[in-house]
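*Asks:* According to TrEMBL, the feature transmembrane segment maps to 12-31, 37-56, 61-83, 142-159, 171-189, 195-211, 240-257, 264-285, 345-365, 377-395, 401-418.
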Amino acid sequence: MPKLSFMTDRVQWLTFIIGLAVFSGALVAFIGPTGGMYFLIVLVSTLIAIAFSAFFKHPSFILKIIFLAVSVRIVLFILLKLYSYQSGLDGFFPGDIDALAYHGDAVKALATHSWTEALQGNLNYTIFVAYLYNLFGIDMNIPQLINLGVSVIIVPLLYELGARVGGEKAGTAAALLWSLFPSAIFWSISLLKDAFVVVGMVLAGFFVLALSRKKIQVSDLLIGLSGIVMISYMRPQFLLAISLPIVIYLAIQFFRGRSSFLRNVFLILAAVAVFSITTAGDIVVQTLGSSTSESGVQRINEIALDGGSGIHLVTLFPAEVRWLVQLPFSIFAPFPWQWFSFSQAIYIMSAFEMLCWYVLYYYIWKNREDIFANHNGKMIFLYAFSIFIAVSFSLPNIGSIYRYRLAAMALLLPLIFFKKLGFNRRAGST
């Protein structure tokens, strides 16, 4: 199968760069500076996705999947924008309640004498949006298109994880499904941070798998750590999901007397030391405390039930076990008996997608023996399950769960068409 060898051919690479520069210049001259900025954002993110694919020496057909992901997202982005302005939503998409807050807080902050001071204590993604508005002007299309591009970068990363875990068929299925799944598309073109959260968790997956190898590749370590840094900025509470499979694996190594135990402990302690001096550690502790305290849970329940998709059953349980009751909802909701009660388009979409996921869950269940017989398969499954647990500490609300669990769903994709492997050159020896 042909690989992306053109990226290593200097003559072809130089020709490609020159041709791309000429085409980009002509296009910008035709569509104007604003359209040129939009084009540049999509172009750069697509090139980053291609660069990842070339770095991992993927088959050339992955380029087609990358272009498919870009095309589908751009088409839906344009259609939703047209619908938004015709419906009087001013460019926001249906269900973008948090997007209104990010955008509104950023705009208000920019109207003050110092937007950085005005946003102290605000959400990190709001600060990111305000930075973009300060740099390029108030234009929500810019952060939305950046999110679109980040979602496209996930395609080669998921293929690589899938190929390491279950072979090229598993990797191809993961990349294709991510390119076409409604939630993966919709949340990645909205003014929300979910695309960054998913790419951060997928990148961190390389770190999780790297610790199980006899010899850690520096590239995997750096890729994984970059994801952990991103998560510590965008959704620090998900650091718990990253740590859980690692802690379990270290415990298994200790009891089995594996030689790599001390090495992995050293790496983990170094990572903990770095993050303990940042605000990420404080945010994790604070979030966990508020999610398990009576006052914190009461506030969370009030917010969740204020919306149209709050899960009343979960709110009836005490703080200490609420997350455990919410866990099945994080994995399986909305349930079939809820599908016909939805009226908003976003919840109808979630019902349709959940129907598809029940089928995909069946394939994972069908391959469970092979998955759990494979070390990488076990680690990825445990990693995804840990994210579901982290989601269970969030709002007991179908809409919130639908967004927050996207990273877990993405990491389950490589397990759907899992193929039992012997020695996998991508995964290395364990």
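If you go along the chain as it appears here, the first residue is 1 and each next one adds 1.
Just so it is clear, glycine is given a Cβ too, placed from its N, Cα and C backbone atoms.
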*Asks:* Against which stretches of its own chain does the transmembrane segment (401-418) lie, if we need a Cβ under 8 Å and a gap of at least six residues from its ends?
*Replies:* 154, 158, 161-162, 165-166, 169-171, 173-174, 177-178, 181, 183-184, 187, 192, 194, 197-198, 200-202, 205, 238, 329-331, 333, 346, 350, 357, 360, 363-364, 367, 370-371, 374, 377, 380-381, 383-385, 387-388, 391, 394-395
*Asks:* Select the range from 37-56, 61-83, 171-189, 195-211, 345-365 that forms the most Cβ-Cβ pairs under 8 Å with the transmembrane segment (377-395).
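*Replies:* Against the transmembrane segment (377-395), the leading stretch is 195-211.
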*Asks:* Within the same chain, where does the transmembrane segment (345-365) have neighbours whose Cβ lies under 8 angstroms from its own Cβ atoms, ignoring anything closer than 6 residues to its ends? I mean 6 or more beyond.
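*Replies:* Residues 94-95, 177, 181-183, 186, 308-309, 332-334, 336, 338-339, 371, 398-399, 402, 409, 412, 415-418.
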*Asks:* Determine whether the transmembrane segment (195-211) and the transmembrane segment (61-83) share at least three Cβ pairs under 8 Å, counting only pairs 6 or more apart in sequence.
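*Replies:* When sequence-distant Cβ pairs are counted, the transmembrane segment (61-83) does not touch the transmembrane segment (195-211), since fewer than 3 lie under 8 Å.
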